[in-house]
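For reference, Swiss-Prot has these:
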- Asp121, Cys124, His229: Mn(2+) 1 binding site (BINDING)
- Cys124, His261, His355: Mn(2+) 2 binding site (BINDING)
- 228-232, 355-356, 404-407, Ser411, 430-433, Lys506: GMP binding site (BINDING)
- His430: active site, GMP-histidine intermediate (ACT_SITE)
Amino acid sequence: MAPRRTYQQEMAFLSRVSANQWIVNEGFVPNMRVPGTFYVNKHLETLMFEELQQHVDSGGHGGFLPAVKQLANVACLPGIVGKSIAMPDVHSGYGFCIGNVAAFDMSDPAAVVSPGGVGFDINCGVRVVRTNLMESDVADVKEKLAQALFDHIPVGVGSQGIIPTSAAGLESALEMGMDWSLREGYAWAEDKEHCEEYGRMLTADPNKVSARAKKRGLPQMGTLGAGNHYAEIQVVDEIFDAHAAEKMGVDAVGQVMVMIHSGSRGLGHQVATDALTEMERAMARDGIETNDRQLACARINSTEGQNYLSAMSCAANYAWVNRSSMTFLCRQAFAKMFDSTPDDLDMHVVYDVSHNIAKIEEHMVDGKLKTLLVHRKGSTRAFPPHHPLIPVDYQYTGQPVMIGGTMGTCSYILTGTQKGMDETFGSTCHGAGRARSRNNSRNKLDYAEVLENLKTKGISIRVASPKLVMEEAPESYKDVTEVVNTCHDAGISKKAVKLRPIAVVKG
C-alpha cells in the first residue's frame, strides 16, 4: 500500500488557474480519467483546504471524505467527459460532494449513472413567485401573513399533505408532473412555461417506483418537509441587471416575492435507496470498480441504469407537483389576506429550477456536439441566452437561476451565461452550502438565540421543529453572497436580483 501523503504533498496536485478557479490534476487519487476543477474565491478556498488538512491529520478516518477527494473520485467513473466540476457552495456529501457537476457520454457503452450524483432528495429545487405588492403593503400584516402561510402549507418532518389524492392519483402525478397539477386545478398553464423541463420528465415510469416509495410519497404530497426546506416571503433588495429583472416581472426595489424550496420528500429518498441496492449488484456483475463504495453506479444502458432514470424522473415529477401544490396554497393565503385574487396580485411563477437531478442534454465536448447525461447535485442548470430549452421570455437574458440563501440571509436570482455553457455544462451554484455539519451545529448553537437574531433583523418566523433551527442557522452555512459573487466573477452565471427575507416558514 502506498505511504500516506502529507498535506503539502496533497496540495502539490492542486493548481490555481484564476482568482476563482482551481484544477485538481490527475494523480490526486488513483485512476482519474479527467481532471477535476472547483470554483472558489480566496475566502471560500480556506474551508476546502481546512477539510483536506483535517482529513490528512486524522489519518483518513472520520465521516465523509473531504469534498476535493470526492470530486476527484468522481473523475474516475467510466464515461465521464470534460472535468469533474465543483461549485463554490461545495461540501462533502454521499459519494459525490454537494455542488458537483459531472457529465457522462451517452454514446460510450461503459458510461454510468450514479444515484449519489443526484442525491437522496431528488429534484430538490427552488421556485420564485412574484407579486405586485410592495414591502409597505405587507409591513403591518407580516406576522399574520407568516402565520397564514404556516397554516396553509403542511410543514415539518412527518407532515402530511392536504391536497387530496388517491393511490391512482399519485401514479398519475408521478407520470405527469405539473400536467397533473394543471389538470387537477392546482397550477396555471403559464406556470409550466416557467419551469425547468416544463415541470414534467417524459422518461418517468411509475412502474419503476417501489411500493414502499409510493407508500412514503402518498401522504406527503404538497408538503414542505423539514431540514433546509422553507417558504419565504422576500422583498427585492437590489437589482443588478434591470433588463433581466424587467423580463422576470421585477419592477422595483421593495417588491414582494415568495420563494419555495422543497423536494421529493420520502419518495425521492426511497427511490435513491432502492437504486443503490440494485446498483451494487450490477457493479459486481459488470465488473465496475470505483474508489469509494458510495459511488455505486450502473451502466446508463443497463436495466438498472434505465430503471433508476425512470424512477428518478417520477420523483422529479413528484417534486414539481409538490412545489405547484405549495404555490397554490401560497396564492390562496395571499388572496385571503389581501382580500383579492392571485391573478390580481400578479402571483406568477418567475421560474422553477432543480438542483438535484440527472438530465440528458447536448453539449460541446472537445469541439464536438455530444449527448450527455449531466448529473447535478447541489448545482443548478444555468442555460445561456438563445438556448432552445428556455422560455421565450428569457431568450435574451438567459435562464433565471434561483439561489436560496440560508434562514435569515439574502437570496439571489442569477442568469445563465455562454461561458457557463462552455465551462460547466451550463451549471452554477445552488445556495450557500454548509460550512459546519448538522451535528456540529446542534452542539454549538442555541436555538433561542438563533430565533432571537432573526427577530432583531425584523424577520417573522414560524418553525414546525424548533430544535432543527440550529442546523439551518446562518452560522452553519457559507456566505451566500461570497458564493454568488464567485460564480459571477468567474463568468459562469450573472447576478440579476438580490432578495431579502421578511418572513420565513420552516419545517
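Cβ coordinates are placed from backbone N, Cα and C, and glycine is handled just like the others.
Here the features listed in Swiss-Prot are placed on the structure.
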residue	record	DSSP (3 states)
Asp121	Mn(2+) 1 binding site	coil
Asn228	GMP binding site	coil
His261	Mn(2+) 2 binding site	strand
His355	Mn(2+) 2 binding site	coil
Thr406	GMP binding site	coil
His430	GMP binding site	coil
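Taking His355 (Mn(2+) 2 binding site) as the reference point, none of the binding-site residues Asn228, His229, Ala231, Thr406, Gly433 has a C-alpha atom within 10 Å of its C-alpha. Note: the CA-CA distance between Cys124 (Mn(2+) 1 binding site) and Asn228 (GMP binding site) rounds to 10 Å.
For His261 (Mn(2+) 2 binding site), the same-chain residues lying six or more positions away in sequence with a CB closer than 8 A to its CB are Cys124, Gly125, Val126, Asn228, His229, Tyr230, Ala231, Glu232, Gly404.
The Cβ of His355 (Mn(2+) 2 binding site) has 32 neighbouring Cβ atoms from other residues within 10 Å, across all protein chains displayed. Spatially close to Asn356 (GMP binding site) yet at least six residues away along the chain are Val118, Gly119, Asp121, Ile122, Asn123, Cys124, Gly125, Gly263, Arg376, Lys377, Gly378, judged by Cβ distances under 8 angstroms. Take the mean position of the Cβ atoms of Cys124, His261, His355, the recorded Mn(2+) 2 site; other residues of that chain with a Cβ within 8 Å of it are Asp121, Asn123, Gly125, Val126, Asn228, His229, Ser262, Gly263, Ser354, Asn356, Gly404, His430, Gly431. With a cut-off of 8 Å between CB atoms and residues at least 6 apart in sequence, the same chain places Met87, Asp89, Gly99, Val126, His355, Gly378, Ser379, Thr380, Ile403, Gly404 near His430 (GMP binding site), listed in sequence order.
His229 (Mn(2+) 1 binding site) counts 24 other C-beta atoms within 10 Å of its own C-beta, drawing on all protein chains shown. Neighbours of Ala231 (GMP binding site), defined as other CB atoms within 10 A of its CB across all chains, total 30. In the structure as shown, the Cβ atom of Thr406 (GMP binding site) sits within 10 Å of 24 other Cβ atoms.
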